[in-house]
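Following: one structure in structure tokens, then a few remarks.
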């Protein structure tokens with residue numbers, strides 16, 4: 001009997017010990033689960049949960065873009081020459097084999113918008129309160145290469161921003177339908193209400209932006225600045241970095257605006273007419289309205305909301321808009337001239353001390369072939385590592401380190417058919433910096 005009682009006590013002791021262990025494990029598990037609790041659908045990276053490295057890692061892994069090629073993007077963004085050479089050699093091997101995503105692909109995948117946004121890794125919540133409180137507007141003028149458009153949209157997308165997309169009327173129907181399918185998945189992305197056929201170097205390129213300006217001003221989104229883009233652009237700053245840069249402008253605009261050369265003055269000396277292309281006539285134009293001095297720049301701007309409003313509503317601005325309609329490449333002198341007009345919000349004086357080069361403005365980073373050379377001998381930048389079109393560098397992987405050293409918000413031109421590795425690394429760099437706040 002004594003032996004049986006001893007066995008019962010022993011069993012009861014083991015039972016209590018095991019129960020205690022289970023309870024201890026449960027408490028530890030609960031504490032760990034609370035410690036590592038991460039809601040990846042949280043609206044703010046500054047929330048308490050996301051202060052932990054674990055949660056940041058979870059979010060980054062859920063949004064990390066799949067690498068198409070095994071290249072050393074961290075090395076490339078830091079200017080490591082071995083990594084750059086390997087990427088350039090890899091590009092020579094694969095660029096003719098790579099098939100871009102097609103309109104049909106996007107028409108199919110966007111039938112399920114949530115699947116499309118998840119699979120293509122769109123960031124679907126504001127990454128900080130500062131960004132939430134400073135929405136940016138985009139005018140996106142595109143005409144071809146649907147994958148380029150979708151990747152550009154993904155790179156600049158944030159749910160608090162607003163995006164107007166203008167598609168060239170002449171674009172193939174499949175392209176138009178694919179763009180419509182993509183933007184139908186986002187409440188803050190829309191097609192311009194009026195579309196025009198865009199002819200190179202003609203007024204229609206400006207009209208496309210003006211149409212988006214009108215639509216964006218009617219939006220309920222209280223955007224602060226407007227950036228305009230084309231299909232060969234790509235951001236080189238995160239949305240958070242853009243917000244910081246735009247705040248530092250303090251209501252000023254940023255765009256190239258310089259005294260025109262004699263050859264560029266010919267662009268508005270005679271009237272131009274448009275058929276399928278733009279051609280000059282023998283009809284001389286009257287001087288610019290309101291004795292306004294003309295300046296030249298490029299098609300890209302960083303413009304305050306007040307500037308945009310005055311482009312459309314100010315009578316003096318409208319007179320200049322009408323006057324440049326029959327000039328050559330009016331987008332390269334309309335914005336540059338309005339930026340020096342004293343009645344325009346955020347403008348700067350016409351005095352030579354206020355001339356702004358494309359390298360000084362933050363709107364767009366471009367490598368011009370005729371400026372490339374030996375930096376140690378005074379050239380503004382080294383030769384293009386990609387190819388040239390119309391004397392503009394189509395960037396290669398060897399340009400990325402230089403690109404990232406500059407203060408511009410976007411760069412031009414990129415083409416994955418020329419070098420997809422530079423885009424892959426830029427996408428990886430921006431996504432990493434957006435989540436972690438640090439470079440690769």
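Heads up, the Cβ atoms here are built off N, Cα and C, so glycines get one too.
Bear in mind that the values here come from a model prediction, so they are computed numbers and not experimental data.
Summarising the annotation, Swiss-Prot assigns topological domain 'Cytoplasmic' to 1-12 and lists sequence analysis as the type of evidence.
Residues or ranges marked as transmembrane segment by Swiss-Prot: 13-30.
Swiss-Prot lists 31-440 with the feature topological domain 'Lumenal'.
Per Swiss-Prot, N-linked glycosylation site is recorded for 72 (among others), and the stated evidence type is sequence analysis. Counting only same-chain residues six or more apart in sequence, the Cβ atoms lying under 8 angstroms from the Cβ of residue 72 (N-linked glycosylation site) belong to 80, 83, 86, 87.
Counting every protein chain shown, the number of other Cβ atoms lying within 10 Å of the Cβ of residue 73 (disulfide bond) is 23. What Swiss-Prot records for 73-230 (among others) is disulfide bond, and it gives similarity to another entry as the kind of evidence.
Per Swiss-Prot, the feature N-linked glycosylation site maps to 108 (among others). Remark: residue 108 (N-linked glycosylation site) has no non-local neighbours by Cβ distance under 8 Å and separation of at least 6 in sequence.
Taking Cβ-Cβ distances under 8 Å and a sequence separation of 6 or more, the neighbours of residue 164 (disulfide bond) in its chain are 137, 138, 139, 140, 190, 191, 192, 211, 212, 215, 216. The disulfide bond annotation in Swiss-Prot covers 164-384 (among others).
If you look up Swiss-Prot, you'll see 185-212 (among others) marked as disulfide bond. Under the DSSP three-state reduction, residue 185 (disulfide bond) is assigned to coil, being neither helix nor strand. When other Cβ atoms within 10 Å of the Cβ of residue 185 (disulfide bond) are tallied across all protein chains shown, the result is 18.
In the three-state DSSP scheme, residue 425 (disulfide bond) is classed as helix. In the structure as shown, the Cβ atom of residue 425 (disulfide bond) sits within 10 Å of 28 other Cβ atoms. Here Swiss-Prot flags 393-425 (among others) as disulfide bond, drawing on similarity to another entry.
Looking only at Cα atoms, residue 230 (disulfide bond) sits nearest to 393 among the disulfide-bonded residues 185, 384, 393, 425. Using a 10 Å Cα-Cα cut-off from residue 384 (disulfide bond), the disulfide-bonded residues that qualify among 73, 185, 393, 425 are 393. In sequence order, 366, 367, 368, 369, 372, 384, 386, 387, 399, 413 are the residues near residue 393 (disulfide bond), counting only same-chain partners six or more apart with C-beta under 8 A. Looking only at other Cβ atoms within 10 Å, the busiest spot among the disulfide-bonded residues 212, 230, 384 turns out to be 212. Mean pLDDT across the topological domain 'Lumenal' (31-440) comes to 95 in this model.
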